[in-house]
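According to TrEMBL:
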- H160: active site, proton donor/acceptor (ACT_SITE)
- H248: active site, proton donor/acceptor (ACT_SITE)
- 11-20: compositional bias 'Acidic residues' (COMPBIAS)
- 78-92: compositional bias 'Low complexity' (COMPBIAS)
- 1-39: region 'Disordered' (REGION)
- 78-109: region 'Disordered' (REGION)
Amino acid sequence: MSAALVGYSSSEEEQEQEEEGGNRGGGAQGPPAARWVRWGGGGRSVREAAGARGLPPPLPPLLLFLFFLVLTPLRSRSSGRPRLPAPAGLPGDPDPEEAVSDDSSRHGGRVRCFPHERGNWATHVYLPYTAQEEFLELLELLLSHARTYVPSLAAMEEFHLSLSQCVVLRYHWIQPFVRSLRERLAAFHRFFCVADQVKVYTNQNKTRTFIGLEVSAGHFQLLELVSEVDGVLEEFDLPTFYKDPSFHISLAWCVGDLSGRLEGQCLQELQDIVDRFEESAFLLRIQWEQIRCKSGNKYFSFPLR
């Protein structure tokens, strides 16, 4: 193996020397084997052949191997060759697409509930809701009125009902976590709930305020789902859901604690809009068909039976 390595490393140099000799009008070259020392006899004739050609005495193969072993990396660095990229997808490393920015100005003023660390993935379990055209019309009516009290309100881009808090998973925990969720949720069937009660919420550190539709029917089935999700969270020593949750679908949000402006008269007026909206009783009776888990930029779906 060593001889092959040394022979390969020196072959380019030999070819260069031969080409340079031919360009300079040099005479016929002896066979490459004549440059090696044959231990155990015959060494004199080889040295004489080397001296006749004006070459220095050849080095032993072991010294040549060590010489090229040291010289090769130095040559590659001095030649400016680009280094190979670091391997991606190693255990414990986040996905290369997980771009992170803690600049709140790039996120509408939103502030992280916990600092980002490389390899930590924000994870959330929820029921996704696909908004129909009529639902978006109702949302526009509610937003137009609520902005007379809080102009900075913005509509949610997606709609869901949470079954867990936002927790932190290490990268190598994601697959076991999802597998455990799938096993625990496999027996659940589709069900309905009614979300028709307007309510104002703030997050735990009071940095954001939300307007949401609270669930008034279907609470028992949601608690059963939360119980199974909590079981998975406990397996990984993660915080479980709130003890007395107010299940809801968030509709709009703003930065800061502005609940005082939205509660009272504004809240009652928003509820009147919902109650008077055409076919609101049918519109806000929602059938849940799947549970979803979002971890970083990865989504996992668990269809209900």
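Using the three backbone atoms N, Cα and C, a Cβ is placed for every residue, glycine included.
Between the candidate active-site residues, H160, H248, the densest Cβ environment within 10 Å is the one around H248. Residue pair H248 (active site, proton donor/acceptor) / H160 (active site, proton donor/acceptor) shows a Cα separation of 8 Å.
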